[in-house]
Amino acid sequence: MRNIRKDRKKEHIEYFLKSSHEQSTLFEDVYLEHNALPELDFEEIKTNTTFLGKSVDYPIMINAITGGTDFSREINRTLSKLALKFNIPMAVGSQTIGIHEECSRESFEIVRENIKDGVVIGNLSANATIDEVKAAIDMIEADAIQLHLNAAQELVMREGDRRFKGLFKNIENIVKNIDVPIIIKEVGFGISKDVAVRLYDAGIRYIDVSGAGGTNFIEIEGRRDVKKDFSDIYTWGIPTAMSLIQCSNIKDDLKIISSGGIEDSIDVVKSLCIGAHMVGISGEILRRILEGGYDSAYKYLDEMTYKLKMLMLLLGKANIEGLRNTPYKIKGELKELVDN
Ligand code: FNR
């Protein structure tokens, strides 16, 4: 018999690999000034930071991707080995399948087993019930739970949700009844200032902007549905850099995670300069694993972390807090969007 949830998980990865890159994060419109006289030694550069109450070695995290099938278990095994090796946080993919299908739990549990005391983050839709949220947290002893907002994705999916009323109340209710931090995230279309302010007022203190410019679920779901053509709206969404600028100065205790199209060290550095506390990567690390397994993804992260340190030195910043206070300029399309 067909298992829709499992088939969908497989198809997401298959169509992710076939998708093109029609949007831009607009990080190319962020300008950082080189410091030719930094007065720092490379050894002095410290990339560690605190996230969700734990110390991590870099402000970089593996963001939600998968879980639930045998193939997902292997991907999660590799991702969690990398998270342990670099001491960085990792979020699992949506755990609905793990809650409702006993046999798929192991593909999530393996992440906590491998990461030991490191930061592990759960993931569900923002329309989850309190019981589902508690079950997802228990499954992996989660340090926090991500709740995703994905109206654009659902509307393209033939089997997707069509009802989005009541989500805000549900989020408020979850905040009141769950005692681990709640992270509200998009899945690649960005969070506006207005939405971020409403979420803050509901008690949310962590927002993952997951903006446009990377993985595109209108395209991924659109390619799964051969009967309708969604290609005219592949460019929908708030570019990641724009979403970050909008959300990062709302309140000091609102922590912003930059994600959506993060590919290299310069995207990481620009995200932090704009004000992000953490930078999440999904698509690019998945691509490395599918192309060359653990070794290829290890090389990717190893080079990225070296270049993070290198760019910190070239900006004259010895630690992440200093980097977060680096002045930056914006130009081009990003400036037009911000000024309007
Ligand atoms: C995702 N993403 C995702 N997000 C989420 O909240 N729950 C999920 O189950 C999934 N599943 C998933 C599968 C695959 C194959 C990909 C590539 C992505 C979205 C992800 O966490 C992130 O928000 C977006 O992909 C944007 O970041 P990148 O991919 O551009 O770095």
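Heads up, the Cβ atoms here are built off N, Cα and C, so glycines get one too.
Residues annotated as substrate binding site in TrEMBL: ARG8, LYS9, GLN153. Sequence-distant neighbours of LYS9 (substrate binding site) (same chain, six or more apart, CB under 8 Å from its CB) are THR66, GLY67, GLY68, THR69, PHE71, SER72, GLY93, ILE97, listed in sequence order.
Neighbour count (other Cβ atoms within 10 Å of the Cβ, all protein chains): 28 for ASN123 (FMN binding site). DSSP assigns ASN123 (FMN binding site) to a strand. The FMN binding site annotation in TrEMBL covers ALA64, ILE65, THR66, SER94, ASN123, LYS185, SER210, THR215, SER282, GLY283.
Residues within less than 8 Å, Cβ to Cβ, of GLU154 (Mg(2+) binding site) and separated from it by at least 6 positions along the same chain comprise GLY160, ASP161, ARG162, PHE164. DSSP gives GLU154 (Mg(2+) binding site) a helix state. For GLU154, the entry in TrEMBL reads Mg(2+) binding site.
The annotation domain 'FMN-dependent dehydrogenase' is assigned in TrEMBL to 168-325.
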Per-residue Cβ crowding (10 Å cut-off), top of binding-site residues THR66, GLN153, SER210, SER282: SER210
Structural state of SER282 (FMN binding site), classified by DSSP into three states: coil
ARG8 (substrate binding site): tally of other CB atoms within 10 A of its CB: 17
For ALA64 (FMN binding site): intrachain residues, at least 6 apart, with Cβ closer than 8 Å: ALA91, VAL92, GLY93, SER94, ILE121, ASN123, GLN146, HIS148, LYS185, SER282
Cβ under 6 Å from ligand 1: qualifying binding-site residues of ARG8, LYS9, ASN123, GLU154, SER210: ASN123, SER210
Cβ within 8 Å of the mean position of the Cβ atoms of ALA64, ILE65, THR66, SER94, ASN123, LYS185, SER210, THR215, SER282, GLY283: remaining residues of the chain near FMN: ASN63, ALA91, GLY93, HIS148, VAL187
8 Å Cβ shell about ARG8, LYS9, GLN153 centroid, substrate site members excluded: ARG5, GLU11, HIS12, SER94, MET157, GLU221
